[in-house]
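J.: Please read through the structure below; I'll follow up with questions.
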Amino acid sequence: MNKEQLMGMARKTLENAYAPYSKFPVGAALLLKDGTVVNGVNVENVSFGATNCAERTAIFTAIANGYKKGDFQAIAVAGDTEDFLPPCSICRQVLAEFCMPDMPVYLTNEKKDILELTLKDLLPYAFTELDM
Ligand code: THU
């Protein structure tokens, strides 16, 4: 699966976002090393702090389905923003818990350009279990 296909899946899953408060749907597609793709969307709550972002939904769903650290190959994040939509800092920390620093993270914008970064680009000097 290439980055365009993965991003296409992230974009498609946007339709399932539950974002009645922000009206800012986000979709994520998480590629596993076995070729499985796990989707995630933001799931908001009237108590705003209970909201879960698309990236975390995808990671947590994968973990709930038995995937482990090291099983993750790439993630694509889609929204309809003018500039590339970056994962929030909480999602970066959750990604750092389960994914290797060199894992590709694909971002996109409303023009459908794709920016390829690594997790380490997004979260340098991450606090990990190695630091404890
Ligand atoms: N959101 C995500 O799902 N992922 C991000 O990386 C950025 C923010 C969601 C959370 C909330 O539902 C909405 O976007 C506005 O912040």
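Note: Cβ is positioned from N, Cα and C throughout, glycine not excepted.
Below, the features straight out of TrEMBL:
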- 1-130: domain 'CMP/dCMP-type deaminase' (DOMAIN)
- Cys53, Cys88, Cys91: Zn(2+) binding site (BINDING)
- Glu55: active site, proton donor (ACT_SITE)
J.: Can you check which residue among the binding-site residues Cys53, Cys88, Cys91 has the largest number of Cβ atoms within 10 Å of its own?
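T.: When each Cβ's neighbours within 10 Å are tallied, Cys91 leads.
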J.: How long is the line from the C-alpha of the residue listed as 'active site, proton donor' to the C-alpha of Cys88 (Zn(2+) binding site), rounded to the nearest angstrom?
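T.: Between the alpha carbons of the residue listed as 'active site, proton donor' and Cys88 (Zn(2+) binding site) there are 9 Å.
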J.: Suppose the Zn(2+) site is Cys53, Cys88, Cys91. Which further residues of the same chain have a Cβ inside 8 angstroms of that site's Cβ centroid?
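T.: Surrounding the site, in chain order, are Ala54, Glu55, Arg56, Pro87, Ser89, Ile90, Arg92, Val94.
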J.: For Cys88 (Zn(2+) binding site), just give me the three-state DSSP call.
T.: coil
J.: Summarise the domain 'CMP/dCMP-type deaminase' (1-130) by DSSP state, stating how many residues are helix, strand and coil.
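T.: Reading the DSSP string over the domain 'CMP/dCMP-type deaminase' (1-130) gives 44 helix, 31 strand, 55 coil.
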J.: What's the number of neighbouring CB atoms sitting within 10 A of the CB on Glu55 (active site, proton donor)?
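T.: The answer is 27 other Cβ atoms.
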